[in-house]
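Inspection log for the structure reproduced underneath, given as structure tokens.
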Amino acid sequence: MPACCLLGSGHAVPERVLTNADLETLVDTSDAWIVERSGIHQRHIAEPGSALSDLAAQAAHQALAAAQLTASEIDLILVATVTGDFKFPAMACLLQEKLGAHQAAAFDLSAACSGFLYGLHLADSLIRCGGHRHILLVAAEMLSSMVNWQDRNTCVLFGDGAGALVLGPARTSAGLLSSVIHSDGRQHGLLYNPAGSQHPLTAADLASGFATIHMEGREVFRHAVVSMADALQEALDKAGIAQDDLDLLIPHQANRRIIEAIGKRFGLPAERVYINVDRYGNTSAASIPIALDEAWRSGRIQAGQHIGLTTFGAGLTWAAAILRF
Ligand code: ACO
């Protein structure tokens, strides 16, 4: 059966922009520190209480329009998120209602920042085996809802956003050439939010910032560079594509230094590595599809080009994929 190909893409971010200068008023930090250590200048943050499924729906509408399909032609909605509107039901079901995609099955998957590439890997398998024809894959996160705004180690890094792809069976040589996914649960303590069934929340937990993101930044950084590079090499080998034939690398946008380190390992000049972390911060699972949509719409991606995607996130999880446009 044919692999999956990209029929359309879209993305959406909240209107509100939080600059580094804004953060200087919240915690003991500086624009200079944030830019030097992460490359982030600003991030988009949702209004408290707003629905992430609305942002996901905006991105999905754009992707459907680009694919020239209606919502009724989608037979599966996959949403990658760890910050859905509710604990349950899945945000994919809320999105289904908002789109009117009543023919589709809908469910969420949880792989933190790797969620989008896990979703792509899964969607490709489902399309190859003929189980589904048109899959809407959305990666959306509102990490602002679980950030401790008094913790300077984490609150400067994250932003909110959503990216969407419509996928279908490839009719030409364009499509997903390879994908790889990996996990190592032994390292889950490096990056996690402990709120869950093991620890039902108390009022004191909420006040103390317990139910927020906890991260060992330096260790996460070290793992990120090694894992993203290894996964990308594995995906290149699987696709039979040489490093030199990679026209554009779109890595997970967590930190400019991580992105540049990976570009350097693959000998890629700056113009072949996509960076938008300066404008959005780390939007977790949404970061690659937001960047992919920007690059595609702006003409940075051309037909026939090979695009590499690589990511890393809590779990630990990591993944990579090679696309031909
Ligand atoms: N402003 C000013 N100083 C700060 C800030 C801040 N916002 N945050 C930390 N510092 C201080 C620390 O307290 C420390 O001070 P000390 O030396 O007196 O103890 C000093 O800066 C250096 O801290 P480090 O953590 O060593 O700084 P580092 O150079 O490692 O940069 C950073 C920190 C940006 C978090 C980096 O480690 C990183 O990006 N790690 C990866 C994080 C990441 O990508 N997480 C998500 C990946 S998965 C996913 O996307 C969900």
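Cβ atoms are placed via backbone N, Cα and C, with glycine included.
Nobody curates TrEMBL annotations by hand; they come from automatic prediction.
What TrEMBL annotates here:
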- Cys113: active site (ACT_SITE)
- His252: active site (ACT_SITE)
- Asn282: active site (ACT_SITE)
- 107-185: domain 'Beta-ketoacyl-[acyl-carrier-protein] synthase III N-terminal' (DOMAIN)
- 236-324: domain 'Beta-ketoacyl-[acyl-carrier-protein] synthase III C-terminal' (DOMAIN)
- 253-257: region 'ACP-binding' (REGION)
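Location within the structure of each feature annotated in TrEMBL.
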residue: Cys113; record: active site; Cβ within 10 Å: 32
residue: His252; record: active site; Cβ within 10 Å: 30
residue: Asn282; record: active site; Cβ within 10 Å: 25
Could you put numbers on the helix, strand and coil content of the domain 'Beta-ketoacyl-[acyl-carrier-protein] synthase III C-terminal' (236-324), residue by residue per DSSP?
38 helix, 22 strand, 29 coil
Could you please provide the mean pLDDT value for the domain 'Beta-ketoacyl-[acyl-carrier-protein] synthase III N-terminal' (107-185)?
96
Cys113 (active site) to His252 (active site) - Cα separation in whole Å:
8
Going along the chain, which residues at least six beyond the ends of the region 'ACP-binding' (253-257) come within the CB cut-off of under 8 Å?
37-40, 113, 157, 221, 224, 275-278, 280-283, 287-288, 290-291, 312
Integer Å distance between the CA atoms belonging to Asn282 (active site) and His252 (active site):
8
